[in-house]
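See structure below.
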Amino acid sequence: MSSGETFRPTADFHPSLWRNHFLKGASDFKTVDHTATQERHEALKEEVRRMITDAEDKPVQKLRLIDEVQRLGVAYHFEKEIEDAIQKLCPIYIDSNRADLHTVSLHFRLLRQQGIKISCDVFEKFKDDEGRFKSSLINDVQGMLSLYEAAYMAVRGEHILDEAIAFTTTHLKSLVAQDHVTPKLAEQINHALYRPLRKTLPRLEARYFMSMINSTSDHLYNKTLLNFAKLDFNILLELHKEELNELTKWWKDLDFTTKLPYARDRLVELYFWDLGTYFEPQYAFGRKIMTQLNYILSIIDDTYDAYGTLEELSLFTEAVQRWNIEAVDMLPEYMKLIYRTLLDAFNEIEEDMAKQGRSHCVRYAKEENQKVIGAYSVQAKWFSEGYVPTIEEYMPIALTSCAYTFVITNSFLGMGDFATKEVFEWISNNPKVVKAASVICRLMDDMQGHEFEQKRGHVASAIECYTKQHGVSKEEAIKMFEEEVANAWKDINEELMMKPTVVARPLLGTILNLARAIDFIYKEDDGYTHSYLIKDQIASVLGDHVPF
């Protein structure tokens, strides 16, 4: 590079895998009578509702039905019925010495998922005199799977559930490795071991569970429920594709792909991320604004990480803090486009929110956006100076720059009356559940993305900060951060079982889903940057209809 050239640490990100895939032409809009479909949907829904409210004298059957309704992704239709059923099931079976491992585990998990902090002492009866889980349990594969799933509902200090994860993981892996289970059961075990239900995105689990039921001859699965779930999934699929069609038009009009070629072009991946946050039809507005704001922030992130000079970035940071269109004149040409797009997006959201009488909420998202970009600026300076901070100095800045408080705030903008002014004040004070989601985001991102980022030139991640400060290996640092992530999950579990909850349960469920999205994206690699790694899963929930 000649002395007159400007150094830009570009990353050579791969292009969009989807581009205009979801863009509809005039010929795609056909006049279809949806009346018959809706009538069938309503009829099946009422049948399922009756199933949930009936069979009061069959609690084990009721437990299984509720579990299937939730895993198939249709529980949002029956929230009151499920809540009533769970409350009635609270005192049943847990204290009974006759209840088997599967029943106790399923009951425990369903109650905790509903926010009821039932004691983990219910599993003590499955231990032997030496305090270990009984060896006889190893042959109860269904019970072992249920215990494994239940154990991920743990909070800090529940050592019996930590032991349960270790016990079930070891023996379930052994059963598969030694071919002691059928191929179908082995596939179910591997699916659970790779990602437990607590960490699974609802749409992906629904799609998997439908396929799993389809391929089994188990007559216990309810065909009415399955058909309702398939129909509901397909109806929502059309809605989600239409949302992506509109977002693709917005993306195409921006033409960032041509004008800002250094940045990751990940519109569909971001929509999928936001679909993981909430998929229900009433949150269509939320998905739209989340995708738009997160797409713009992703462009800004890459501008700070992979293109802008320190002088340019300082100007952009100042412009964002001013938040005034007049500040655009101080920016270089390529940044003017980004800045105008950012302000335009917020202005449009403010207008839409004004129609709901909630425009006052938008300022919280603006403030979080400013905090994120301020953190980007600090990290850009660190990189420019070759500075590696201590982990104590790094984490407060990095927890802001991971932008999950901003993302959570954006998601709440789309949740209507649940998200009051008091809720946004609560978020801005960084409560435990929000911090836990940010810890999961930052540390998983750093653990999976740091090698790619360091090769191209990037601010030090948590890995580099910790290894330099403490003189330990990368492997030791990762092990410690994995424990921190596990504890953050336990903090989320604890907050979702607080009585009374500080904010409405749907809001807490959104934070849980955002943590799940991180686990999906960053479990083995940086699936957002290298998005070909998650293309098949995106296609599974945004592709073809589920066949009947």
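Positions of Cβ are set from backbone N, Cα and C atoms, glycine also.
According to Swiss-Prot, the protein has these features:
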type	residues	note
BINDING	ASP301, ASP305	Mg(2+) 1 binding site
BINDING	ASP301, ASP305	Mg(2+) 2 binding site
MOTIF	301-305	motif 'DDXXD motif'
BINDING	ASP445, GLU453	Mg(2+) 3 binding site
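In the shown protein chains, 23 other C-beta atoms lie within 10 A of the C-beta of ASP445 (Mg(2+) 3 binding site). Cβ neighbour count for ASP301 (Mg(2+) 1 binding site): 19 (other Cβ atoms within 10 Å of its Cβ, all protein chains included). Secondary structure of the motif 'DDXXD motif' (301-305), assigned with DSSP and counted as helix (H, G, I), strand (E, B) and coil, comes to 5 helix, 0 strand, 0 coil. When other Cβ atoms within 10 Å of the Cβ of ASP305 (Mg(2+) 1 binding site) are tallied across all protein chains shown, the result is 25. Reported as a whole number, the C-alpha separation between ASP301 (Mg(2+) 1 binding site) and ASP445 (Mg(2+) 3 binding site) equals 14 Å. Here the C-alpha separation of ASP305 (Mg(2+) 1 binding site) and ASP445 (Mg(2+) 3 binding site) works out to 14 Å.
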